[in-house]
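Peer 1: One structure, as structure tokens, below. Some questions next.
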Amino acid sequence: MTEHETQMGLKPRFLVVMGVSGTGKTTVATGLATRLGWHFQEGDALHPPANVEKMSTGQPLTDADRAPWLALCHDWLREQVKAGHGAVLTCSALKRSYREQLRGDDLPIEFVHIDTSTGELADRLQRREGHFMPASLLPSQLATLEVPGDDEPVIRVSGEKHPDVVLEELIRHFQAED
């Protein structure tokens, strides 16, 4: 356990902060990692260069495009579980099959699904700078999204709230479960 986990009375968790582009995955995930002393991985950084190029030219990814990326995300999660310390990964995890691939080998992964209105997402993506994914791909991501079912290990949070509020809600949730 990290010092932060011990101070807060939390056991290590292995989280995938998920949702379409613009939900605030990175903000929430880095906030959790910082507050709790967990390891963090930006899932976008694991994309093969061909995927980044494809998205940056406005082309949506296919399942075949995503497969090697999801494998790298899974491998990172598996290493974190093996090490036994808390970890947070950002990953859109749009389809149930993607989430199942991330949880392969029976990894104890939990998903934090950030749900944000289409209007808010569009506004955020129009204002966002320095990211390879253009706002024009939002409709494709929304069409691909399979909202996690009640039978999946998911915590739902609102992306409409301030990130600090979301962080506090998540930490309270973890404390209540531990």
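Each Cβ is built from the backbone N, Cα and C atoms, and glycine gets one as well.
Sharing the feature lines straight out of Swiss-Prot:
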BINDING   G19, V20, S21, G22, T23, G24, K25, T26  ATP binding site
Peer 1: Are there any residues at least 6 positions away along the chain from G24 (ATP binding site) with a Cβ closer than 8 Å to its Cβ? List them or say none.
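Peer 2: Correct list: I114, T116, R124, G159, P163, V166.
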Peer 1: What's the most sparsely packed of the binding-site residues S21, T23, T26, counting other C-beta atoms within 10 A?
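Peer 2: If we count Cβ atoms within 10 Å for the binding-site residues S21, T23, T26, the smallest count is at T26.
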Peer 1: Can you check what DSSP calls T26 (ATP binding site), collapsed to helix, strand or coil?
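Peer 2: Going by the DSSP assignment, T26 (ATP binding site) falls within a helical segment, counted as helix.
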Peer 1: Three-state secondary structure of G19 (ATP binding site) from DSSP?
Peer 2: coil
Peer 1: Neighbour count, 10 Å Cβ-Cβ cut-off, for G19 (ATP binding site): what number do you get?
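Peer 2: Cβ-Cβ neighbours of G19 (ATP binding site) within 10 Å number 26.
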Peer 1: Specify all same-chain residues, apart from the site residues G19, V20, S21, G22, T23, G24, K25, T26, whose Cβ lies within 8 angstroms of the center of the Cβ atoms of the ATP site, ordered by sequence.
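Peer 2: The surrounding set, listed in chain order, is T90, S92, I114, T116, L121, G159.
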